[in-house]
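Heads up, the thing below is written out as structure tokens.
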Amino acid sequence: MEMALQAHRPVSCRAALFRNERGNLRIKPFVGFFPNGRTPLPCKLPLWHNEYTASGVPFHVAAAAADFSRRKRRKRSTARPKESSTIEFSPKPPARSISNKRDQKSNHESCEGPGTVTMDHQARNLQSFEVKFEPDEEIEAEETDKNVADLTQDSKFDKTSNEKVPVSMNIMDKGTAGRIKEAVKAPQGKGVASVNADGIHLAITETEKPSTNVEEITNLEAKLKVEREAILKAEMEENLHRMEIERLADENFARGEKMFIYPQVVKPGEDVEIFLNRSLSTLRDEPEILIMGSFNDWCWKSFTVRLNKTHLNGDWWSCLIHVPKESYKIDFVFFNGQDIYDNNNKNDYCMPIEGGMDAFAFEDFLLEEKRRELEDLAREEAEREKQVEEKRRREAEKAASEADKGQARVEMEKQRGIWQELMRKSPKSIDGVWYIEPSDFKGQDLVRLYYNRSSGPLVHCNELWIHGGYNNWRDGLCISGKLVKSERKDDDWWYANFIVPDGALILNWVFADGPPQHAGLYDNNHRQDFHTIVLMSVPENIFWVEEERRIYKKLQEERRKREEAVHARAKKTALMKAETKERTLKRFLLSQKHIVYTEPLDVNAGDTVKIFYNPSNTVLNGKPEAWFRCSFNRWTHPMGMLPPQIMMPTENACLVKTTVKVPFDAYMMDFVFSEKEDGGIFDNKDGIDYHIPVFGGIVKEPPMHIVHVTVEMAPIAKVGGLGDVVTSLSRAVQDLNHNVDVILPKYDCLNLSNVKDFQFNRSFSWGGTEVKVWHGKVEGLSVYFLEPHNGFFGRGCIYGCSNDGERFGFFCHSALEFLLQSGFHPDIIHCHDWSSAPVAWLYKDHYTHNVLSKARIVFTIHNLEFGAHLIGKAMTFSDMATTVSHTYSREVSGNPVIAPHLHKFYGILNGIDPDIWDPYNDKYIPVPYTSENVIEGKRAAKEALQQRLNLKKADLPLVGMITRLTHQKGIHLIKHAIVRALECSGQVVLLGSAPDPRIQNDFVNLANQFHSSHADRARLVLSYDEPLSHLIYAGADFILVPSIFEPCGLTQLTAMRYGSIPVVRKTGGLYDTVFDVDHDKERAQAQGLEPNGFNFDGADSAGVDYALNRAIAAWYDGRDWLNLLCKRVMEQDWSWNKPALDYLEIYHAARK
């Protein structure tokens, strides 16, 4: 059927827009009609709506020679009434639907000619889609098999009248209909669109914005053009891809290569196709082929994928693998899914990846991933701990609440019993003494209490006061008032008005001659106080229920306040300890700044760090070069030692520098210096090497296992400083995440009250003797107690037996046997002084070839005055040896038992335990204090000390001495110091005892003498008293330590912890820890400290006078300066924070 085009005006040239099977687009200007509504001519797409605008002539498009009998009838829709626009649809004959699914083989077909395209409509899948022109109205259109749909729309447009908008479009690609639906929406003005039966005729009447649809269509057409070009480009690339793969397959097969990849340059973040020629592989007979692989030397993202048969000539199989962006190599093998492999002759297949990470960058990436993983685990662990703590807190709260309820009931019953007893005894008045008006009253009533002044001891007083309370003074003094003279004439009556406290059952009071805090004379009813009963305002049973509830609430509130105070104090204590530890670590890092330091000072994992070195202060002084040799993690890092680096000069002529990148899995940086690249003279810090801790790494230092073999341990078996050192050092090392055990004889005089979880562990035999082993916890440390059945340690003492050498020798051997038979594998066995010195040679003689073989022996000399022969033998067999201060190590270095072993002999200062000696948490002093309130705290402690020892309560300089009375401690200097302090109008307190009876008796006579001549200013306490020692440290202004020799000394360290100024003789550890305020400023600064006390040379009275005179003069003449000095010494860290780090260096050096 044909229909003529009726032209009312000359018709403008239109563009016939269509697409051939290859997607090429062309236009053909024409005047007339489209047969079948389409043209097969390839053309390009013009901007038709700009170049071929309609002239305003309406026309119809006639379709002929087409079979529409099989088309589906279009949906007919009648426009609904609407203010802005209407759309009409005319009926359309059934038409055959055209598929929008693209045939994959179409890429390989060619056009038959420039003027025709052969199309088999019956071979296509059919699909229809909708085109919306209004939000609530739609038209169905067809799409061709190549996503080609022709929609011709002609309309009249008059620019002058602005009434019609021409729309002419052809739908080309899959998915375009949806966009047309969005783009070609009728505007909000009036308009009509219609479709005739033979084609599509669309007219839109627009009255408001005629250019909007034109712009939208322009944008749409531009998008269509871009998409068509992209599709064409993709098809071309696909063809090139296929041709390239075919070429590679042919070339590799010709060369006998059984595997290739495409693309041949593999890049991270992209896909790679791996091809295998099965006929050339060991898998030639296998029906299935899989690839199993991973990336980066088999350590990243493994995969297993099935290969598929390809279209390539030959038996080629392939699969697609995505390459992660973190990859630098692919590693893989082929297999049949079971046990037959093609692994490139046991070499595996590998392909490099270009443009991505290298192996080192990937290692850093893995470490960063590990760090994140550890952070996540830490957060999870913290959350679990938080939940556990919350559960524990709730359980504790519940238990405490039940306890409070029980206590409330007990107290209520007690009060009720007292009340019932007083009900029988308490009068409502006493004739001639007192009475109350009204006689019956209850809580909150106003009453008047009368008192006869002439009845008691206040008869001559001008003022009378009542001091009262209730319920046996439960809330203390809460009633107070002055009595006035009564008008009664029968006697000397006075009275006071007051309100009875609410809740009172019993009133309690006394009469006095003045107000509270100012009264001197009382009438307290012959020390029985006055009492009377208060009537209950509610029934008795209800009253006692309420009373029990009140007591319970009070107990709850008191407990809450206590817990808050404990929590606040613990929080502050932890904060102070953390701050102190941080300062000490910085001091530790700066302590070697005259030789080496880093920028930044705190080294973090992943940082690039500068190392500055001053060879002029080392064995490399004067050498032309300095080479830096570095590794990490105690020289155990997987990447080994870094290549030697020559150090470069700096602006400071004394310093040279280099840089090093710290890996993410580092916890320690280790380095030495040499004069040449290949070695020569080394500066290795006297064999210990230089070590700087690394923070924030993903790997933590593995813990060592240290076992102390000792005969003393505070507080359960303490004679001298050895016991303190063993306990405090062990705790400090354990706090650094290492494992520590202590082995100690089980003396029959042990103070087992300080041993937790004490229980039998096992028994073993050695030397024909059965040895029982007990275990317990002392100060948080694991302690094993050895109890041999030979009675060696049942003597009631630690030292002092005639066979002490035999006793302790047996103990040392049985300790090693216990470690062996118990399966221990310690890294370090640490023995102390002559008493456990035999451990060193017994281990080397008998235990180096068994399970204890990895252990190393560290030996510490606490005092060379005792057992020098045994100490010398232990020095020979130990791997490392220490003593308790730098100065003492120099003082004894010439001793014949020490001199041959100076290469492994080091001085390390002792420390004090900050938890035991802590003025902020000390239960033995009246006011807890820190450096912030040290003056107030020490003032209160001094007053308490004066009161306890019956000294004069006066503001005088107080000199304290806490010591064992032996010649080593300078007893002649102690006697002189007592006299000198008294001569300076000061007070003196001495606490100590003498193991020598003659010295003890001498000091007893001295005490009697001073107590007689200076009873209010001198006190000598000749015994051991732990609480008193704490009070002396806190209350004294100065602590005197005039030792003749002192390997370390803890007294001066404890004194500074409590803000007392040390006055010491320059020897051993006293010299290493006390820096004179007048003479040692530079020496203190070299240690990162400030001056902190007074010291003196010599061992005579003149030396003592020189130091003590300056100290007491500062107290009188410079109190403000002295107060600042007290604050300063409190803030210095003399704990085990730094010594523990030094001992760890010794332990590692022994193992190296």
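Keep in mind that glycine also has a Cβ here, set from the backbone N, Cα and C atoms.
All annotation found in TrEMBL is predicted automatically rather than curated by experts.
Taken from TrEMBL, the feature coiled coil applies to 217-246.
Feature annotation from TrEMBL assigns compositional bias 'Basic residues' to 70-79.
Marked as compositional bias 'Basic and acidic residues' by TrEMBL: 100-111.
As annotated by TrEMBL, domain 'Carbohydrate binding module family 25' applies to 269-354 (among others).
Broken down with DSSP, the domain 'Carbohydrate binding module family 25' (444-535) shows 3 helix, 40 strand, 49 coil. Summarising the annotation, TrEMBL assigns domain 'Carbohydrate binding module family 25' to 444-535 (among others).
The domain 'Carbohydrate binding module family 25' annotation in TrEMBL covers 606-695 (among others). Model confidence over the domain 'Carbohydrate binding module family 25' (606-695) is summarised by a mean pLDDT of 94.
TrEMBL lists 69-122 (among others) with the feature region 'Disordered'.
The region 'Disordered' annotation in TrEMBL covers 378-407 (among others). Applying DSSP to the region 'Disordered' (378-407) sorts its residues as follows: 30 helix, 0 strand, 0 coil.
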Three-state composition of the domain 'Carbohydrate binding module family 25' (606-695), taking helix and strand from DSSP: 3 helix, 42 strand, 45 coil
